[in-house]
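Student: Can you read through this structure? Questions will come right after.
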């Protein structure tokens, strides 16, 4: 019996030893995971709808992952290239849908605007009728006549005049870009370029995480939907983020939001920024402000058709600050406009600033890869300092 007792004790000892070793392994892994987690910079992308958040994420993939492939983790270049081509093929449908939505929206708006817009060539009316007849066709297969009608209409001066008034209705930003490329997109062997994929508009619903590495530093970027009904989901992302990147469509000063067709888009962005800046859960998280769509802002300002002071009367009294640094060759009117918009946001951050978090503004053009590369490089030092502060190492 004694031997049996000893044998049982031996089994118990072995089991306890194995358990201790297992616990050690688990503890070691937990410590390792904790170190990786603490070493990761988590960036939360926020902003109103259609400000360019998803385009910023696409640029991170181009710059720091493997472009437009599935996961971005392939070490085999051939596999990465294969995945990239596969994803581009699936995006063709999204691009065609953007093209269809663009021409449909413009021709449908012609009769609804006040005053309405007439076709320059009345013989194109049958083309308008065709476009409107296929507006709600599910799984549309894009026959040759669609491209023929769309191209002829896009060349009609009346349709162009309606496009010029697109701030009076809801039109996707990429409309002109894809309508100008009808002859390319209609080809059976069409493969989208990176620029096509950057321009492609697909509504973001839910929360998407993109992981990438820059100089051996891990970044996790969270992109959430910008429309009002998506915002309640944001709180899930707020836990332990290093910084918020708040994206603004600077060119939206003369537009209204899709949700109610009344609220000014830039005012909506200012209101949202204020609510985030003053949120009690975010009082220690600094904000990197991307004043986006600078290319479209410059176009609008120089066209002179929609004046900022008609929407923001205080612009009439605004003077460009002395410390402004315009881009080479930039028109002074553009410089004044972009700094006015910047200062509207800084007014919010300085009014309620308590020294616990800061706002760092940058002028961006999300579809310009080199611009985003330069801006993100400028931001990395700021993000690093935020990260050190987050874990009280600074």
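Any Cβ shown, glycine's included, is placed from N, Cα and C.
Per Swiss-Prot, the feature ubiquitin cross-link maps to 300; the stated evidence is similarity to another entry. As annotated by Swiss-Prot, phosphoserine applies to 352. As annotated by Swiss-Prot, region 'Disordered' applies to 1-23, 68-90. Here Swiss-Prot flags 219-228 as region 'G3 motif', drawing on sequence analysis. Residues annotated as region 'G4 motif' in Swiss-Prot: 288-295.
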Student: Where does the residue listed as 'phosphoserine' sit in the DSSP three-state scheme?
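Tutor: For the residue listed as 'phosphoserine' - judged by DSSP and reduced to three states - the answer is coil.
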Student: At the level of the C-alpha atoms, what whole-angstrom distance separates residue 352 (phosphoserine) and residue 300 (ubiquitin cross-link)?
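Tutor: So the Cα of residue 300 (ubiquitin cross-link) lies 32 Å away from that of residue 352 (phosphoserine).
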Student: Using a Cβ cut-off under 8 Å and a sequence separation of 6 or more, which residues in the same chain sit near the residue listed as 'ubiquitin cross-link'?
Tutor: 251, 253, 254, 306
Student: I'd like the per-state residue tally for the region 'G4 motif' (288-295) from DSSP, helix first, then strand, then coil.
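Tutor: The region 'G4 motif' (288-295) comes out at 2 helix, 5 strand, 1 coil.
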Student: Looking only at the region 'G4 motif' (288-295), report the model's average pLDDT.
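Tutor: Its mean pLDDT is 98.
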Student: At a 10 Å cut-off from the C-beta of residue 352 (phosphoserine), count the other C-beta atoms across all protein chains.
Tutor: 10
